[in-house]
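As recorded in TrEMBL:
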DOMAIN    13-350  domain 'RNA 3'-terminal phosphate cyclase'
BINDING   Gln117, Tyr307, Leu308, Gln309, Asp310, Gln311  ATP binding site
DOMAIN    197-298  domain 'RNA 3'-terminal phosphate cyclase insert'
ACT_SITE  His333  active site, tele-AMP-histidine intermediate
Amino acid sequence: MAGPRVEVDGSIMEGGGQILRVSTALSCLLGLPLRVHKIRAGRSTPGLSSGGWKSKIKVLTRPQHLSGLEMIRDLCDGQLEGAEIGSTEITFTPEKIKGGIHTADTKTAGSVCLLMQVSMPCVLFAASPSELHLKGGTNAEMAPQIDYTEMVFKPIVEKFGFIFNCDIKTRGYYPKGGGEVIVRMSPVKQLNPINLTDRGCVTKIYGRAFVAGVLPFKVAKDMAAAAVRCIRKEIRDLYVNIQPVQEPKDQAFGNGNGIIIVAETSTGCLFAGSSLGKRGVNADKVGIEAAEMLLANLRHGGTVDEYLQDQLIVFMALANGVSRIKTGPVTLHTQTAIHFAEQIAKAKFIVKKSEDEEDAAKDTYIIECQGIGMTNPNL
């Protein structure tokens, strides 16, 4: 089933784990053998690593990139060479994507959400339903928090015409990880295109501020209160409902605190701001950081926030028809995903400044994609 080998330069653009995630997922889906070379050549520690962007994290964690690559290999009984820590080149030869139960364990606080990102498009085109057991960090730095995945990513990505179930068994935090999430989904014949260009007006703001382990509940209340105060300065006419939460001892591994705040609009658009606590950072600051991120995402006039942009690109590329999303400034992650979706899947993207009158003074763009109309050969 293998076609000609695709050659990918792992040092360009984002130059990190995202190139590996997008290219191996597309290689798996399209049955194209892949070679990625110069992996992370632009980063402070070249080669396969944990996916942490800060060198201190790199040294401490065992590769989440590896667990992602191994998961894709297992999903399709493929062959994977060069997948070891510090490797600057991998080759991957995919076979047929199969359903069933698959487990991936980062062995660290490596993000379960990034494992989900790489595997989800593949299992949609499997032969039978899948159950993914993903282990690692659920609320980790430099990656979406699992609450973002549930509250923002899930309702929007399901517009492509599929549903998935995400069961958080245990939450895990930096540096230990230890979280587990089970994702269940059935395959589809094809993905529908999406059109997210009408922003509407903000109708609801809600969220959760959590503490886990030894951290006092007061920290959750302080994060929530500071976030509410910050949002009220800019948005006065909406009730802001941020619930403080003490994670149950049997459902959280280790110590952590953080907050996610979501804004919902009249047309069903969702935006978020989130932040994780770190040692020595006071609770108010964590709450304010999340609130400011949310407010920034509401200012640009787009229909998706800066973190959802790149997560939708692969689905747009595979969909059967033309998809359009309106965004704020196009992130490097999004540009990278578009580059490889064009190179590997041969989807066609056009990124242009929004011409809508209300966007005239803003940095707002339309990302349009002619999807390839990928069809599940098994259904």
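Including glycine, each Cβ sits where the backbone N, Cα and C put it.
Note: TrEMBL annotation is automatic and uncurated.
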Task: Tyr307 (ATP binding site) to the residue listed as 'active site, tele-AMP-histidine intermediate' - Cα separation in whole Å - done: 9
Task: the domain 'RNA 3'-terminal phosphate cyclase insert' (197-298), counted residue by residue under DSSP: helix, strand, coil - done: 37 helix, 37 strand, 28 coil
TODO: State which of the following recorded positions has the fewest other Cβ atoms within 10 Å around its Cβ: Gln117, Leu308, Asp310, Gln311, His333.
DONE: His333
Open item on the list: Can you tell me how many other Cβ atoms are located within 10 Å of the Cβ belonging to Tyr307 (ATP binding site)?
Closed with: 22
- [ ] Specify all same-chain residues, apart from the site residues Gln117, Tyr307, Leu308, Gln309, Asp310, Gln311, whose Cβ lies within 8 angstroms of the center of the Cβ atoms of the ATP site, ordered by sequence.
- [x] Pro144, Phe153, Val304, Leu312, Ile313, His333, Thr334
Task: Candidates Gln117, Asp310, Gln311 (binding-site residues) with Cα within 10 Å of His333 (active site, tele-AMP-histidine intermediate) - done: Asp310, Gln311
Task: For the domain 'RNA 3'-terminal phosphate cyclase insert' (197-298), the mean pLDDT of the predicted model - done: 97
